[in-house]
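Record features, source TrEMBL:
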| type | residues | note |
| --- | --- | --- |
| ACT_SITE | A:Lys202 | active site, proton donor |
| BINDING | A:Leu6, A:Gly7, A:Leu8, A:Gly9, A:Thr10, A:Val11, A:Gly12, A:Gly13 | NADP(+) binding site |
| BINDING | A:Lys102 | NADPH binding site |
| BINDING | A:Glu187 | L-homoserine binding site |
| DOMAIN | A:345-425 | domain 'ACT' |
There are 2 protein chains.
Amino acid sequence: MNIGILGLGTVGGGVVNVLAKNQTEIKRRTNTQIQVTHAAVRDINQSRICSTAGIQLTQDPSEIVNNNSIDIVLELMGGTGLAKELVETAIKNGKHVITANKALIATHGNELLALAKANNTHLLFEAAVAGGIPILKSLEQGLSANQIEMVAGIINGTGNFILTEMRDKGRDFDSVLKEAQELGYAEADPTFDVEGIDAAHKLAILAAIAFGCELQFNKVSTEGISEISGEDVAFATELGYSIKHLGIAKKVKGEIQMRVHPTLIPKTRLLANVDGVMNAVLVKGNAVGPTLYYGAGAGDEATASAVIADLIDVIKGTVSNDVLGWKSFEAIPYQNHNDIESIFYLRLLATDKPGVLADITAIFANHNISVEAVVQKQIDEQDNAHIAIITNQVKTGDIQVAVTEIQSHDFIQEEIKIIHVETLD
Amino acid sequence: MNIGILGLGTVGGGVVNVLAKNQTEIKRRTNTQIQVTHAAVRDINQSRICSTAGIQLTQDPSEIVNNNSIDIVLELMGGTGLAKELVETAIKNGKHVITANKALIATHGNELLALAKANNTHLLFEAAVAGGIPILKSLEQGLSANQIEMVAGIINGTGNFILTEMRDKGRDFDSVLKEAQELGYAEADPTFDVEGIDAAHKLAILAAIAFGCELQFNKVSTEGISEISGEDVAFATELGYSIKHLGIAKKVKGEIQMRVHPTLIPKTRLLANVDGVMNAVLVKGNAVGPTLYYGAGAGDEATASAVIADLIDVIKGTVSNDVLGWKSFEAIPYQNHNDIESIFYLRLLATDKPGVLADITAIFANHNISVEAVVQKQIDEQDNAHIAIITNQVKTGDIQVAVTEIQSHDFIQEEIKIIHVETLD
């Protein structure tokens, strides 16, 4: 089996290293000699984390996807422009393609999967979601007897590192972000990670596999963590919650919802204890109940572990054909955003005068919203009360109307903060 | 595809129910009409948790395994006598067999797998370990790029329920066991669960799949939880640990160790937060690092989820052939028990007189054992000191010699309690 790799950076280098160090194990599992024969790189002379002995390097990636001696192409270069063209060519040339590229699959997966199906090749992407955690295989095979009701995951390590530091050390968002950038956890432009776009890519993929529907990245409602303040973290702790940046996909009464947002979850849940750069995905099946999958969401060898697992599946023929084999993508309607039901955390800064809390709760009552918990902090020097409220489960549209009404009162001193709460029970 | 089931109790009934309620999903995944055509039961007239419409019932299980119209046999009756004979006959008749029977696989798996291989049939047993958690598939497929270094799991829900109640409510072992029996979590004879035999069955299976070696149930060193006292639980909490009944398999310098025993693990670890009847398995791979798999370890539909996942794999041909395909079971030497390295917790009841702690630590020092932490409780009414000690990592043989020496001193008032500590980092 001859393998061609597009990109010998962190993930590509990790794949070469893991194939070398575990060759005995992998040979035993596949009964096949796996050989990386070619690799396309940006600069042949650059130093790398892996040995390139026995690998023919080229700066022209089209040589890889058009090379007849190559059976399987690993797309580990990233991006959605050139990478897409190369994957298409490889598939048209009858090659199986394995990729770690979440943006490519989330945004062009439907057409690429259709192309792979038409060309009778496999297009696999376990490494695109949650790094080394075998979450897609678990959804496709391990939980294949179930109707999946919910997937909720910490699927961006950078964001989880930032929120963990904010909670454990009382630090603010900006200072932790800066440290994350120095540690190499966050990019110079952190938008993809902290604004939830990376997580939305992964969630769209998770939902498609979980529910057996087409990829609908543009339907994911996405909210980042950059607006989470130290005060929110402190209130959450006091109320018995931890704030996590979750990607949540649910199927409710035949409709799908997909959303990425900061979420208060009860401290005692396993997900609340997934800290630092680690990832974890909670899956609820209608037979198995809740299950959870935890591990490293990034890193050279952890991601390589997922890429090579796909490679071994292709070689052994143990690919679960759900994606490739779908007769048609099931058209599952998308739930209207205003109809999505959730519990909410609200944080208000209000003038401390008699009757304010009564006014607020009266507005909630008018919209049939119950208050489950209220915490009020010491009045500050400006005579303002800092108030946190947890509601019951309500429709998103209803909470927005109520909050708009409360916001219009002159006793409210700043924009009301709204954060989702999930009990995950 | 015609399915015959041996046993329509909790698991068998769950399989019939899940196949019915998720038939659309399963049809879409398999593109096959799955039909349970026959089932063998002890008493045809007994009431059951599932409908038997369309299923031909018999009290003679040999009718199932010898019926030419049946393609796949689900062995869900339990036991290692009749069940073994029936599985053998089914395999010899060319049928694939799926079982949830951990005792059968742990004690007769080597010969049954060889028989299946000789007859070119599949023998699958995902449901035998950790119920609905797809842990065997994850080891075989999701982590196939790795050399597995360690598996550590909470794989007996009854034991975990008891330890959780003891910790959270300060109750003693006997009263919680009684409640577990009333709730149906524990059998009338709880030996299998609380003495670790059930966990040892599962650990032998986990180790065989993880390391690619033969099943060696008789090599598992097994210790139950019935000797864990409220005092141990309190000391563990004070020292920052939680006591869990773990099954641990490690490969250290080319040798295997397998052990089931109560274990102190740091409170902050995810495994320490797996509570009640839930199961979880921590797996360390040399590429992916630590990963964890959590879910229900028992229950009708959770177990059925694993049985049906195997069924779907057989039907789709996506069975990972590692077990069936091994050219030969790898002979990995078993580590001498005295050479196993571990951190230890010791609890001593000693006369409160000057120099006792100095004497104890001197004996440790003579055996090159360091003391990492000591906690001493209030002197009791008999003027005895209750002392808990955490050692550094030492050989099991060395700690035993040191403890024997300490025990021989007349200031020691009762047998010294020894419990393993695992940092799991």
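Each Cβ is built from the backbone N, Cα and C atoms, and glycine gets one as well.
Note that TrEMBL annotation is computational and uncurated.
All features noted in TrEMBL, drawn onto the structure.
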residue: A:Leu6; record: NADP(+) binding site; Cβ neighbours (10 Å): 26
residue: A:Gly7; record: NADP(+) binding site; Cβ neighbours (10 Å): 23
residue: A:Leu8; record: NADP(+) binding site; Cβ neighbours (10 Å): 26
residue: A:Gly9; record: NADP(+) binding site; Cβ neighbours (10 Å): 16
residue: A:Thr10; record: NADP(+) binding site; Cβ neighbours (10 Å): 19
residue: A:Val11; record: NADP(+) binding site; Cβ neighbours (10 Å): 28
residue: A:Gly12; record: NADP(+) binding site; Cβ neighbours (10 Å): 28
residue: A:Gly13; record: NADP(+) binding site; Cβ neighbours (10 Å): 22
residue: A:Lys102; record: NADPH binding site; Cβ neighbours (10 Å): 26
residue: A:Lys202; record: active site, proton donor; Cβ neighbours (10 Å): 29
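The recorded positions near A:Lys102 (NADPH binding site), taking a 10 angstroms Cα-Cα threshold over the set A:Leu8, A:Gly12, A:Gly13, A:Lys202, are A:Lys202. A Cβ within 8 Å of the Cβ centre of A:Leu6, A:Gly7, A:Leu8, A:Gly9, A:Thr10, A:Val11, A:Gly12, A:Gly13, the residues given for NADP(+), is found for these other residues of the same chain: A:Ile5, A:Gly14, A:Val15, A:Leu76, A:Met77. Mapped onto three states, the DSSP output places A:Lys102 (NADPH binding site) in helix. For the domain 'ACT' (A:345-425), the number of residues in each DSSP class (helix H, G, I; strand E, B; coil) is 23 helix, 29 strand, 29 coil.
Residues near A:Glu187 (L-homoserine binding site) in space but far in sequence (CB under 8 A, at least 6 apart, same chain), listed by position: A:Gln181, A:Asp193. In this structure the alpha carbons, written CA, of A:Gly7 (NADP(+) binding site) and the residue listed as 'active site, proton donor' are 21 Å apart. Here the Cα atom of A:Leu6 (NADP(+) binding site) is found 21 Å from that of the residue listed as 'active site, proton donor'. The separation of A:Leu8 (NADP(+) binding site) from A:Lys202 (active site, proton donor), Cα to Cα, is 23 Å. Predicted-model confidence for the domain 'ACT' (A:345-425) is 94, expressed as mean pLDDT. The secondary structure of A:Leu6 (NADP(+) binding site), as reduced to three states from DSSP, is extended strand.
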